[in-house]
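A short write-up of the structure that comes next.
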Amino acid sequence: MATITPQKGSQSEVGVSNTDPLNWGNAVESLKGSHLEEVKGMVAEYREAVIHVGGGETLTVSKVAAVANQYLQAKVDLSESAREGVDSSCKWIVDNIDKGIPIYGVTTGFGANSNRQTQEGLALQKEMVRFLNCAIFGYQTELSHTLPKSATRAAMLVRVNTLLQGYSGIRFEILEAITKLLNHNVTPILPLRGTITASGDLIPLSYIAALLIGRRNSKAVGPSGESLNAKEAFHLAGVDGGFFELKPKEGLALVNGTAVGSGVASMVLFEANILALLAEVLSAVFAEVMQGKPEFTDHLIHKLKYHPGQIEAAAIMEHILDGSSYVKNAKLQQPDPLQKPRKDRYALVTSPQWLGPQIEIIRFSTKSIEREINSVNDNPLIDVTRNKAVSGGNFQGTPIGVSMDNARLAVASIGKLIFAQFTELANDLYNNGLPSNLSVGRNPSLDYGFKASEVAMAAYCSELQYLANPVTSHVQSTEQHNQDVNSLGLISALKTVEAIEILKLMSSTYLVALCQAIDLRHLEEIFKNTVKNTVSRVALKTLTTEDKEETNPFRFSEEELLKVVDREYVFSYIDDPLNVRYPLMPKLKQVLYEQAHTSVINDKNVSLLVFEKIGAFEDELKSLLPKEVESARVAYENGNPATPNRIKECRSYPLYKFVREELGIRLLTGEKALSPDEEFEKVYTAMCQAKIIDPILECLEDWNGVPIPI
């Protein structure tokens, strides 16, 4: 089997090896280890201040995201060791033109017009850039058709990485110029639409070429968002020597590649990996606040299903629940089996089975895109060692289109699970005692909590499910039927950007709702203790008898009364605990009447006057309980709760702490003027700025990477 040898000065660690000629082994090897460890590695790379390109360095989606991100904008460092290989392919082009050897796109036309011949190589490259500059930007309209700045930066980095490998026939100085633009935050304006990512992303990449040669229609954006022409862009970036006159093949090298699609895909997948991990943690928190049975994470269940994504998702949830104060408390106080279903609903109990395949898809898509961004994907390729130009179809961006379609479906599935969990959480028929809409105000008639938020979540989820439809099934034959199959890679990547944004909207809303539920569980515990203590005191005061000759029918009533309090959901009555339409007071009185009635019938020493004690009990409770409940609520609101919040003893606490302390998000209540959007916006912004990463990882920092032994 022949060895594919990198040309001198080009990248050496990305290619196919003799021992793995089909590269399947390398593909499998890249998926070893846990998804969590891979995400940790991605985060570490994302936070590197300088991204080294060339000289054997492998580009990753996280490195691309770091350079693209407007909040980080890591610097790019070109490896000087790549210069020789890059320049040698450029020299090969010039030498072979002089020999009269025909070379596609250098001495011939393009695509379906490749039968045309020319010896005017410089003019041909110039004309190619001109005719490819055919996009519409809509500068004078409300709707912009401009590629986001971050996506353009990603494309520039990926294109430089490809061209540095020395198979493209372009000068090193041009790559240095693109790098200077990146490092000085000067970004060419590229069109949002117009590419099918089949002969590469020809049209958008042509606008980078247009800026480099100083075309009058080219524009750029400066560090502060200011509009720049080509001359101003070069000056600001410190590119000396004036505009470039493209040599034969250099224009084609710049435009004939998949960098825009794969650059956007890299950004998308970095976020998708983070959001997938977040969904696992949020599902565990959901189990905590829903008082779910933790056995759904038992390793035996998932070991027998074999799927690695499912096994890891379950192990992560198991780890969080194993350290949960909620779970430990539930084991101490087994709930009445009549109060809740024997088995939790699917959104909880099958969350590992649901999330597992999505994680696998996202991981595989990530590796596919990382192969693409490290590939040489223009045409023709210059093989200096064999002294020939080789024409092929590496510009076909099918790995991008397919990976993005698959990843978008996974993102939509994660969103569907989040929506199912959210609707269960907000519905008092299913949420095991939490108030309807997660309302926390004193008067539920004037506090509708997350009611509208659920409607918004339905809208988000519907749009997300629509976006899950494939792009790659909509291919159109074009360019005189030369490009009769095409990947639609960038289109699919941009649709996945939309999907990621919607998932962030959903995750932001859901995270705030979960924190609300955590605090409601805290209030629930405080109120329940308050009610039990008050009932005990009132019973002791009003139901005892001083006559030793008289049998007290209520001598065992306190225990039964407290059982009533334990059985009833606190939020079903706490806004008006003595209201006869609410369950608490009628059931307390029922216990006393039954005991009194039985005693009067069976024991002649019991007087009918015992029924008066029930009235005294009711009157005393009406006098005392509302005051005690309000006092407990005020103490909670003032930061002095009678009972500490259990979340502080949970492994999920870092996420709660991030929301409540770092972002300063408080309980949402109709008693305050604060609207939900003000708080949701804070979480969404934090997600966009990647600030959510550390709290997620802190929830899992002491996980050893393996399930709890069976």
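Glycine residues also receive a Cβ, built from the backbone N, Cα and C atoms like all the rest.
As given in Swiss-Prot:
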- Tyr104: active site, proton donor/acceptor (ACT_SITE)
- Asn256, Asn379, Lys451, Glu479, Asn482: (E)-cinnamate binding site (BINDING)
- Ser199: 2,3-didehydroalanine (Ser) (MOD_RES)
- 1-21: region 'Disordered' (REGION)
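Overlay of Swiss-Prot feature records on the structure.
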residue : record                             : Cβ neighbours (10 Å)
Tyr104  : active site, proton donor/acceptor : 17
Ser199  : 2,3-didehydroalanine (Ser)         : 25
Asn256  : (E)-cinnamate binding site         : 24
Asn379  : (E)-cinnamate binding site         : 22
Lys451  : (E)-cinnamate binding site         : 14
Glu479  : (E)-cinnamate binding site         : 16
Asn482  : (E)-cinnamate binding site         : 14
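Whole-number maximum of the Cα to Cα distances across the (E)-cinnamate-binding residues Asn256, Asn379, Lys451, Glu479, Asn482: 56 angstrom. In the three-state DSSP scheme, Glu479 ((E)-cinnamate binding site) is classed as coil.
Cα of Asn256 ((E)-cinnamate binding site) to Cα of the residue listed as '2,3-didehydroalanine (Ser)': a distance of 6 Å. Cα to Cα, Asn482 ((E)-cinnamate binding site) and the residue listed as '2,3-didehydroalanine (Ser)' are separated by 10 Å. Using Ser199 (2,3-didehydroalanine (Ser)) as the reference Cα, a 10 A cut-off selects Asn379 from the recorded positions Tyr104, Asn379, Lys451.
Annotated pair Lys451 ((E)-cinnamate binding site) and the residue listed as 'active site, proton donor/acceptor', C-alpha to C-alpha distance, rounded: 62 Å.
In the three-state DSSP assignment, the secondary structure recorded for Asn256 ((E)-cinnamate binding site) is coil. The distance from the Cα of Tyr104 (active site, proton donor/acceptor) to the Cα of Asn379 ((E)-cinnamate binding site) comes to 8 Å.
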